[in-house]
Each structure stands twice: as structure tokens, then as C-alpha cells.
């Protein structure tokens, strides 16, 4: 079953109305009790503001919309990002930048987390797969949006650490698997969406098989510090595979005239 | 040779060897972007030594020998310590766009590396100011030592990893100290220095300071996975090749693989060069069935188009995947050209059983040389030439002679009439590499007289990569139909060919708009120049005079790029130019401080006019030397072959012959002509530089010479020019030493600062305007220097 549209109640509104609708539902969702600790309430709110600002520059990327799905923003309001970074970086947890989390791994810039999550087009009740648990932050965001998250991490100490953090946050709908992402989790398939947060030089056929028709896979190209572009793999209702390559921002590659 | 001059030569050899080694070390530990910056700025240590000596020279003069020994000792100790401390600094090159703190670490890194250079330079500066010998001889010892150090470093790096070679290079400082102390009859102190040297040897044996790659590099990340280990290693001055086996979670790296493919890739080892990779080395048992998936890659298209290519030329070995493809498709003759034999020796040695001895099959011939040299030779025509055009490790400002218009013309020249040149490369958005490759091919075809070059091109893409096919003859309808069918079957998109409609360009892997089609249409249409000028990336083709294929940066696009970067699209920004400009700015500012501070010390001792003229002269000859040297080096790379050895040969030749010129200037017969000497040298430099400009074409012609006679020929070509370039420094410094000795260390420092600023500036001039322009600028600097020296009393 296609999930397109189920998470976009405002999809039919004109641009201005759509944005207003987005704001209204975002504030309604924000009114729900946040699990995040209050000391970080202001930085978290600033983060949401900055994400919205970046999203306005990314309109074409977001299928012509100028805002991130309010459900995604609400999830990002609820998950305490500072719990997913090393203690020394807690103060920078909400900065508009990717952060190193040890083992040469990174937690993506908040806007990129929001954008990639938005691109996955999640809906309540879904099951999604994440390849590359890393800090566990992306899994925690997904856990707010869908029923079940399976996440596979190749580096054992990272998986242990992420599992501990998720448990600490009382997030119970994420299962962290250790091992090879290539084969996915056949026992939990099909997935409504697959989020690949690690570098991928092939798109594994087993993952395409485990993606439900109508589902999407999102893959970043380039590292968190130097993101090149995003790849969205769509499995059409008939089972055919299409990919879309897009920059995370609108970028028109022309200057007015002249040379260097 | 006098012991004190021998010591000058030894320290100088150590300093230059340290510079070469540091470049390798930083390239392995970090990314290439900052290697040039850190080293060129660290060389400001030369300027700093001049400043300090200017202030301290009166106090040091009576104790010149022990002072020299202390500086030499400290050079050795600082060389080791700086590397060890640098490894402990949490600098992350990838994070500089995001965190101001990283700039502090970077600054600390280059201050740290400036320390050993400052001590080494202080040795030569002390000798110039205090040793009772003609300036020309001292400078000759310095340059000859540096030339020897350059060759020594490259030789050492052929045998040892940079971290293993470091203690040997640091020991040069201790040996120099021992020589000076023994010469000054301080035997015990000399013995002490040698004991310290032995301690360095012990440090080396125990693996200190070690080699710790940035944890953000791909290799350390792969090694975190359980069951992975480095199973083979080869080191050379070109790169550190490491092969990783992963027992539990297999490598599965295949570029340009169709999503229609269902087969799992065959077992692979991961090949990492300077920690970057993995490039797959695929298990091959002689059975091609497990490799069937290779047919579903973009790289297989030329083999599947129409007639099977019988004679194949692979320009680059990679991990052997292209070779497997050629073998799988039954090519009868496969020539593999690879300038670095590191990977080949692994495939034939430690990995022979795994890789199935692919290089030793009867149809395969390996040629260890550069693509350009091989292509320029006469020989049989090929049905297919493959050149991987993915970015190399050198960064935006690295020379890429295999990807110039002249190179493409040479490759096309080696094709049979129906042959194809295939250029696989990574997909980047907005398109950069693809469009520059198309433009390079168009210009090469035009040079070869193609009437409708657009009809010679076809561009196809997978989800992650692109391939450009260039034919000597126009594609005919049957061939294009075959490409259309293959693309349809493998879900590849047609990027561009002359017979396709625009609507066919964006079907399976959507880019939102057919940007490749539109780009190529513009480049093959009437407004090519306008499109190139308006495009936000520099897609002008590289040429042999301006061989910078990877330089895509446009200043005008910086505001656009910066906005995109802050929103999370940091991959859009090419670092080469901004980093180089930052380097130049820091070098100019630091240079000014280092030159002006000691000027205050000198204020009461020498006339303002003498000071200004001295500064101008030594600035101009420092810059002139760098500009001419870099311009000549760039041209000779093409002639000599692989860039690292070309660098070693040309730099060593420059230093040695300049040293001989310096010694010649100090000869007793020249004393009568001392006043005219600078003008004679400048005149000779201008004439010989012009001759080099004219000879450049001749030097790039192919010839049947082996590496050693070719190196000797290059050295002979450099000899007269370098000899003349060795004269201006000692000719005027000797005048200063006689008339205003207080200015000597300052002149040395000014010259050091000028070299740093000029090296940074040279990279910008060469990428923008080419080597010819750089050479002219160098000659102009020398002419102005000639004028400046007339005002030095």
C-alpha cells in the first residue's frame, strides 16, 4: 500500500495556506508533553526555527513544499538530541551543524535529519528499517513517527552505546541489530521505508525486496561533514524501482556572467 | 669540505627531507586539502629564524659553533616531537567549515611544524652571518644539502613508511651538531649529540611516534568492524597502499551497478590508499560466472555495444575490476598502464592467489608508466581505451595531466577508426566532472579535425555514476540504438547523444530536470562560451599549460555556495581555492610581521634606504626563484612521468645546480665583477627561461628513453637556468656581509618569507593563468630585483 499523502493532510492547500496549516499543526503537536529535558527547551526551539528557515531554501527538494512535515518537527521537539551526543558536546547538541560522536562517526546536522526523515514519508503504524544506527538519534526520531523501527549497526560498540541511550530514553519500539546491513531484517519485512545513514556503494537487492511497494529508501552521498546529495529510491506500486538524486538545498548553478 | 659547511649541508638535507616526509605524513593522517597549507606556512619558520637571529646576532657571534650545534640538535628533536604532538591534537579537517575551534587546531598544527624548520633555518642563517667563509660557499653547502635531502627522502620513502623514516631524518640534526662540535674540538659534546642520535634510533625501533590516521578516514572506520584486518601493505612516495580483509561482513563495492542486477558481488578485499577507499580487489578463480554482475555496470557498456573490443588499453589498474571485465569479454590484448607499481606488486605477490594472477595471463601486459607517456608512443591501435576520470587524491589544485585536452587527443589518436574512449566518473550534482569531460573531449576532437564533434559523444548514467563514450568517428544509428537498448534493459539513463530526444534523458534515475542533456546541448551549441562563463562551476577544460581538471571553483559562485554549505550541502564547495587564498593571506600577514619586527631592531644600525632596498631585493629573488622553479617543474612532470619522482628529480636538480652557481659566484675571479654579477645572472635567467618556454613543446614530445636517461636529460635542461638562479642571492649577500653585516640574517629571513608567499601565490597563478604566465612573472621579479640591488650600498 502506498503511504503517500497519509502524512500530509495539508497537501491540497495553496502554498500560503499550507504553511499556515503546517504551523498550526506543529504548535498543536508541540503542546504535547515533551520527553526532552527542559534545560534544553530554548536551544531545541531555536533548532526547529533554523530547520524551518533552511526548509524554505529547499522548496524544490521537498516536492515544491516550503516546510518540513510538522510531524517530523514535533518528533524533533520531543527527542532530546543532547542525550545522543558525547557529554562533552551536550552544549553544542542543538547547534546547526553535524557533530562527531566518537569512532569517527557523526550525528547529522538537524536540518538534514529533518529533511531525510521528511523524505521517507512516514506514517503512524508503519515499520521502518534503518541501516547504520550510529548515535541512535535518527532511530529515536523515527520511533516517534512509526510503530516499529529496526536498526542495524555494523560497529558493535556503537550498537551497544545506541541501545543504552535508547533504553535510557524509554524508547521501546526500536530494535538494534548487530551485523551486516546488506540482508536487512527479513523476519521483520516488508518495510514501509528504509533509511540508510551509512555510505552505500551498492543498493542491496535484498533491501529492495524488503521494501513494500510504494515505499521509499533514502541514502545520503558524501559524509555528514561534506554531504554531496541525497538519493531517494522509490519502489513503485508495480514493483519497479526508480531513484531520484537531489541536493538537500535549492542550488541553481548559474552566476550572472564573467569569469573567475 | 670544511666541517662547518658540511654541517650546514647535513641540516639542510634534513630540513628538506622533513618537508617531503611531512607532506606524505599529513596526506596519510589527514586529507590533502590542508597538507600544502600546513607545510607552506610551516616554512615561515625560515623567516622567523631570520628575525630572531637579527635580534641576537651580536650575542651569538662569539659562540657560533655551540649555537649552531644547539639549533641543529633542536631541529632533530623538534622534528620528532612536532609529529608526536600533532598526532595528539584533535584536528579534524572535515570539520573546519563547522567549527571555529578547528581553525585553532590548524593554526597550532602549523606553528608546531614551523619549529623544526625555524631551527634548521637558524643553522644556515648563523653560518651566513658568522662563519668566516664566502657567502657563496655557505649557500652552496645549503643548496647542495637540500638537493641531496630531497633525493634521500624520496629514496627513504620507497623503502619505509613516513613514520618509520622520520627518526632517520631527525637524526640529521644530531649528526650536523656532532660534526660542528667535533670541528670546534668539543669532542665530548659531539659524542653526546651522537648518543642522542642513538636514542632516536631506539625510538624508531619501538615505533614512536607512530602513524595514527584521522578516525574520520574510511580505513580506520572499516577497521572498527569486527573481523577486519590489514593483510598487506606497500609503501612508496606516491602512496601508502593497505589491503583489508573483512571476515564477517564482506566488502561489496561496485561502481555504476544497475539496480536491475540481482547477483551478489563476488568476494572482495578492500584496497585503501592513504586511508581512502575501498577500491575492490575481487576474488577470481578463473570462473567468470560469479562475476556476471560486472556486465550490469556502466563500465561494461563499451564491451556490450556492438563488436566485441579485441584490443583494450586500460589507463589505470585500480583494484583490477576493469581488467576482469576485459578478460570476461574475451579481449585478446589488454595493455594496463599504471604509474605506481604498488598495487600491481600486491596483485602479483601477496594477493596473487586471491586475485587469480590476472596480471600474469598471456593476454595481459602491465606497463609501469604514466598514461600520457604510454599514449604518446607509437603502437597498435585499440578498439577500447578506458580512463577512470574520478577525482584523484590530490585535490583541486593537483596537476592532472591525464585529463587535459592534449591527453584526450593522444588517447583518441591511439584508437582504431571504430574505437571508443570510455571515461567512467562519479555523478556529482550539479554536474561538474561530466560537463568538463565533455568539453575536454569536444576540444580534443576539434583539434583532431572532427567536423561534428557532438556526434562523437554519448553520455550514460547509473544512480551513482556516469560514463562518457567518445568515438573517433561519429556514432552511427545502429550503435546508438544498441546503447538505447542496453540503457533500457539495465535501467540506465541516457545523459546525452546526438540522436536522442530531451524527454528520454530522465527516466529511471531522476535528476529533477535533464541537467546533463541540457548542459551538453549548450556545450555543443552556438553559445558554448556563454554557458561556460555563466556556469557556477569552472568547467573550462584543463590543458597541459593549466593542468587542473579537478579545479571547479568560481569566485563569483562563492556566496551561492556558502549559503548552500550552511544549509547542509558542504559537498558543493571545492576547497582548493579558498584554502589556498587563506594560506596566501596568512603567509602575507605573518611574513610582514616577521620582516617588519626585526626592521625595528635594525633601525638605528643601517640606513632606511639600504634596509628597504635589501628587503625588496631578497623578496623579489625569493619570489622569482619560486615562480621559475615551479613553472619549470610543472612542465617537466609531463616529460618525466610520475609526479612524485618528477618532483624529486627537478627539485634536486634545481637545488644542486643553484648551489653550484652560488659556489661559482664566490670564486676569487668573480670578485672584480661583483657589482655586475647580479645583472649578469638576471640576464642569463631571462634568456634561459625564454629558452625553456620555447623548449617546453619539445620536452613533452615522446621518446624512447628510460627513466634514468630521461631524468638526466631533464637535469641537464635545468642545469644552466638553475646555475644562474643560484647567483643573485650570494652575489648581494656577500656585499651586505662586507658593508652592513647586521642585515645578513634579516636578508635570509626576508628571502625565506618570500619563498612561502611566492609558493602560495604560484599555485593561484598557475591554476588561473598557466605555467607560461608563472614563468613570465618569475622573470619580471628577477628584473625588478636587478633594479633594487643597485640601491644597496
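Glycine residues also receive a Cβ, built from the backbone N, Cα and C atoms like all the rest.
A quick note: this is a predicted structure, and the numbers were derived from the prediction, not measured.
The feature transmembrane segment is assigned by TrEMBL to B:68-91 (among others).
Taken from TrEMBL, the feature transmembrane segment covers B:103-131 (among others). Distant neighbours of the transmembrane segment (B:103-131): 4-5, 7-8, 11-12, 14-15, 18-19, 22, 34, 37-39, 41-46, 48-50, 52-53, 57, 60-61, 64, 67-68, 71-72, 74-75, 78-79, 82, 85-86, 89-91, 96, 138-139, 141-142, 173, 176, 733, 737, 741, 744-745, 748-749, 752; these residues of the same chain sit at least 6 beyond its ends, with a Cβ under 8 Å from one of its Cβ atoms.
The transmembrane segment annotation in TrEMBL covers B:143-160 (among others).
Long-range contacts of the transmembrane segment (B:166-184) within the same chain, counting only residues at least 6 positions beyond its ends with a Cβ under 8 Å from a Cβ of the stretch, are 2-4, 6-8, 10-11, 13-14, 17-18, 21, 25, 65-66, 68-70, 72-77, 79-80, 83, 119-120, 123, 149, 153, 156, 160, 190-191, 193-194, 196-197, 200-201, 203-204, 209. Annotation source TrEMBL lists transmembrane segment at B:166-184 (among others).
What TrEMBL lists as transmembrane segment is B:191-211 (among others). Sequence-distant contacts of the transmembrane segment (B:191-211), counting only residues of its own chain at least 6 positions beyond either end whose CB sits under 8 Å from a CB of the stretch, comprise 25, 28-29, 69, 73, 76-77, 80, 83-84, 87, 161-164, 166-168, 170-171, 174-175, 177-178, 181.
Summarising the annotation, TrEMBL assigns transmembrane segment to B:575-603 (among others).
The feature transmembrane segment is assigned by TrEMBL to B:615-638 (among others).
Among the features that TrEMBL reports, transmembrane segment is placed at B:644-667 (among others).
Sequence annotations record features per position, and here TrEMBL assigns transmembrane segment to B:679-700 (among others).
Feature annotation from TrEMBL assigns transmembrane segment to B:712-734 (among others). Within its own chain, the transmembrane segment (B:712-734) is flanked in space by residues 128, 134-136, 138-140, 143, 617-618, 621, 624-625, 628-629, 632, 636, 639-640, 646, 649-650, 652-666, 674, 677-678, 680-682, 684-685, 688-689, 692, 695, 699, 705, 744, 747-748, 751, 782, 785, 789, 792, which lie at least six positions past its ends and keep a Cβ under 8 Å from the stretch.
What TrEMBL lists as transmembrane segment is B:746-765 (among others).
Beyond the ends of the transmembrane segment (B:771-788), by six or more residues, the same chain brings 545-546, 613, 616-617, 620-621, 623-632, 634-635, 678-679, 682, 685-686, 689-690, 692-693, 696, 728, 762, 765 to within a C-beta distance below 8 angstroms of the stretch. The annotation transmembrane segment is assigned in TrEMBL to B:771-788 (among others).
Sequence-distant residue pairs (6 or more apart) of the transmembrane segment (B:746-765) and the transmembrane segment (B:615-638) include at least 3 whose Cβ atoms are under 8 Å, placing the two stretches in contact. Nonlocal intrachain contacts for the transmembrane segment (B:679-700), taken as residues 6+ away from its ends with a CB within less than 8 angstroms of a stretch CB, comprise 544, 624, 628, 632, 635-636, 638-639, 661, 665, 673, 714, 717, 720-721, 724-725, 727-728, 731, 771-772, 775, 778-779, 782-783, 785-786.
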